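The block underneath contains the structure these notes are about, expressed in structure tokens.
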Amino acid sequence: MNTIRHDWTKEEIIALYNKPLMDLLYEAATAHRQFHDPNVVQVSTLLSIKTGGCPEDCGYCPQAARYHTDIEGNDLMTVSQVKAQALRAKSSGSSRVCMGAAWRNVKDGPEFDQVLEMVRTINKLDMEVCCTLGMITENQAQRLAEAGLYAYNHNLDTSEEYYKEVISTRGYEDRLQTIDNVRKTNVTVCSGGIIGMGESVEDRAGMLVALASLSPQPESVPINALVAVDGTPLEDEKPVEIWDMIRMVATTRIVMPLTQVRLSAGRTQMSREGQAMCFFAGANSIFAGDKLLTTPNPDVNEDMKMFEMLGLIPQKPFAKKSQPKTVEAEESEFKAMGEKPKWTRPGHSIERNLKASGKI
Ligand code: SAM
Ligand code: DTB
Ligand code: SF4
């Protein structure tokens, strides 16, 4: 069957997730082979261009200012620092760079202009450029598109119902709005979530319903296993079982067959065998480099050995879509147009966030 379905129900997805493992793997691998080369995996490098001090209260995040974690905060990197890091990533086999900033949302001004210059610079290195900067308006998404942005990452993180247990400073609707703003441009959408935050299988399925119902579906879906960081409200969550990761990847692959499914945070806890099963189940993208944004990731050389052992080949840049054309800043029609975005702020507080921030 070649059609992409946007009408998956939660019950159907739960039934898939709970199938006998061999049946689930077979179905996922079959869907995978219909649209992707099973021996090709995209290698992407994360770069934290602005670290820590974030005003949001995402319960998993070591970069939220209100939690007491050990990370070292940094102001926005310079364009030349970013260029040097991108060249390093390219020489170690990455075809994509994803720049993350610990911002609630993008603000027009010199810092955003600097990010636009970073995007232009990496695009000129013939690498796919992705950004994850928090909420953005349509105008900002358009300016990123003109700078040559390939993808924008903004995760739904979990189901709409469980979301309220994890984050109170922005709503699910806000996240969907940012995804929609990106979708109105030619920038591809990267959106996924985290497992291991105490959510149920129903919540995992709920997140997949929300992602699969987007039309078109996101070009890229990262599946993160929670990295439980000391000082965050989720510090005591139990590590994700590899079987849960395999089932989540396989189910994602079946409901979003065209998408790049990314085996994201949490790989340091996974054996090579476990990761190999995730690739078999349809994962075809990883983050490489010894650091994610602030937490450890497997050593690049170890990853390359794993690729060799499994016969995997790193994907070339722009294998799925042509390279975006950069519009020089002075020709832009979309210079900041004074948009005033309204974000919703659900007026509730979450007990475990208050506990972690020492307010109760
Ligand atoms: N501030 C921006 C935002 O929230 O959109 C961009 C950066 S934020 C760190 C990007 C994503 O990283 C989050 O949406 C979340 O899914 C993931 N993430 C953050 N901390 C994590 C953790 N401890 N374990 C797993 N994934 C995490
Ligand atoms: C995504 O879904 N995972 C990446 C990327 N998008 C930006 C981030 C993972 C962060 C893990 C925690 C950290 O290193 O701070
Ligand atoms: Fe801030 Fe992003 Fe971390 Fe949330 S996930 S606290 S928005 S950096």
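Note: Cβ is positioned from N, Cα and C throughout, glycine not excepted.
As annotated by TrEMBL, [4Fe-4S] cluster binding site applies to Cys54, Cys58, Cys61. Look at Cys54 ([4Fe-4S] cluster binding site): DSSP puts it in a strand. Within its own chain, Cys54 ([4Fe-4S] cluster binding site) has Cys61, Gln63, Ala64, Ala65, Ala102, Trp103, Arg104 as residues 6 or more apart in sequence whose C-beta sits under 8 angstroms from its own.
As annotated by TrEMBL, [2Fe-2S] cluster binding site applies to Cys98, Cys130, Cys190, Arg262. Secondary structure at Cys130 ([2Fe-2S] cluster binding site), as computed by DSSP, is strand.
TrEMBL lists 332-354 with the feature compositional bias 'Basic and acidic residues'.
Look at TrEMBL and you will find 39-267 tagged as domain 'Radical SAM core'.
Per TrEMBL, the feature region 'Disordered' maps to 318-360.
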Annotated binding-site residues Cys61, Cys98, Cys190, filtered by Cβ under 6 Å to ligand 1: Cys61
Cβ-Cβ distance under 8 Å to Cys58 ([4Fe-4S] cluster binding site), same chain, at least six residues away: Ala64, Asp157, Val166, Ile167, Thr169
Arg262 ([2Fe-2S] cluster binding site) CB neighbourhood, other CB atoms within 10 A: 25
Near-site residues: [2Fe-2S] cluster, ref Cys98, Cys130, Cys190, Arg262, CB cutoff 8 A to centroid: Ser44, Arg96, Thr132, Ala151, Asn153, Ser220, Pro222, Ser285
